[in-house]
Amino acid sequence: AITDNVLHFKARGHGAKGDNIYEFQIEFLEPVEPKPVCRVTQRQLNITVQKKESNWWERLTKQEKRPLFLAPDFDRWLDESDAEMELKEKEEEKINKMKIESRVPKDPFRHLKKGYLIMYNLVQFLGFSWIFVNMTVRLFILGKDSFYDTFHTISDMMYFCQTLALMEIMNSLIGLVRSPLIPAVLQIFGRNFILFVVLGSLEEMQSKPVVFFLFYFWSIIELFRYPYYMLSCIGIEWKPLTWLRYTAWIPLYPLGGLAEAVCIVQSIPIFSETGKFSLGLPNPLNVTIQFSFLLQLYLIALFLGVFVNFRHLYKQRKHHLGPKKRKMK
């Protein structure tokens, strides 16, 4: 401990003569910081004492005669010219850093952008929370019967949230967020294709039980994603939320992809029978491109998209939750 500019040391150690108590005091020449930094190793105890002012000392102790037990460490020794050079380099480094920072133009709209991102993530979180709570309550009250009218009960809010999600592509395009563009495009356009084209255009699909599972998996994933991004905007990291954000997708993302695939498979016979969205080419070809055939191609693309996003999320998880690199001593 350091009191009144004096370092007081007392410890018990085992040496050649057995256990002994080692004790000494050092009164420094100039004022020092009252809280030293101690580090214990197997061989020694290192105590680092910081000067209050970075200037040259004629000697270490207030008493002119150096104590017998005190010896300089010549590996760290600096004479007056070296010390002045070191201080000068530090000052130059600080000045250069200030110059570099002054050259970087400050974004006058940074607070506006941050406010927009916070509000966007908050609105999406509230929207998907409403979907999740509503579906959960209905499941407990109605049981399996809630499967068949999920679309008619939830679709308006899901339409709103998924339409608003298109802003994530714009945010990535203009550099407002650092998220890569391709995974965002694959996920958002994939979901909107299922929601608006497959489910929205076929009444026969809207009463299928798979709609319940599709909406449920989508909403659970977003319950962790949007709060994580919202807190990141204000520089807050809550470790349990971070873990959930980069772990919950492992079971939920494949299940969501499977539910989307089931929707496509169940809709193919309906599109084939009704001929909806099929494209008839003019004579002399007289060929009709069935929309159901395009859905079969989309089914392949769906699994490729799941693989791309799964790989991207795995890399993110490794980056945020992987083992930290140890600092080199």
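Cβ coordinates come from backbone N, Cα and C, glycine included.
Averaged over the domain 'CS' (1-61), the predicted model has a pLDDT of 78. As annotated by TrEMBL, domain 'CS' applies to 1-61.
For 116-137 (among others), the entry in TrEMBL reads transmembrane segment.
Annotation source TrEMBL lists transmembrane segment at 184-202 (among others).
What TrEMBL lists as transmembrane segment is 208-228 (among others).
Annotation comment: TrEMBL describes 291-310 (among others) as transmembrane segment.
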The transmembrane segment (116-137) in contact with the transmembrane segment (291-310), cutoff 8 A, at least 3 CB pairs, sep 6+: no
Distal contacts, the transmembrane segment (208-228) - CB-CB under 8 A, six or more residues away: 121-122, 124-125, 128-129, 131-132, 135, 139, 144, 146-148, 150-151, 154, 158, 161, 191, 194, 199, 241-242, 244-245, 248-249, 252-253, 255-256, 259-260, 262-263, 266
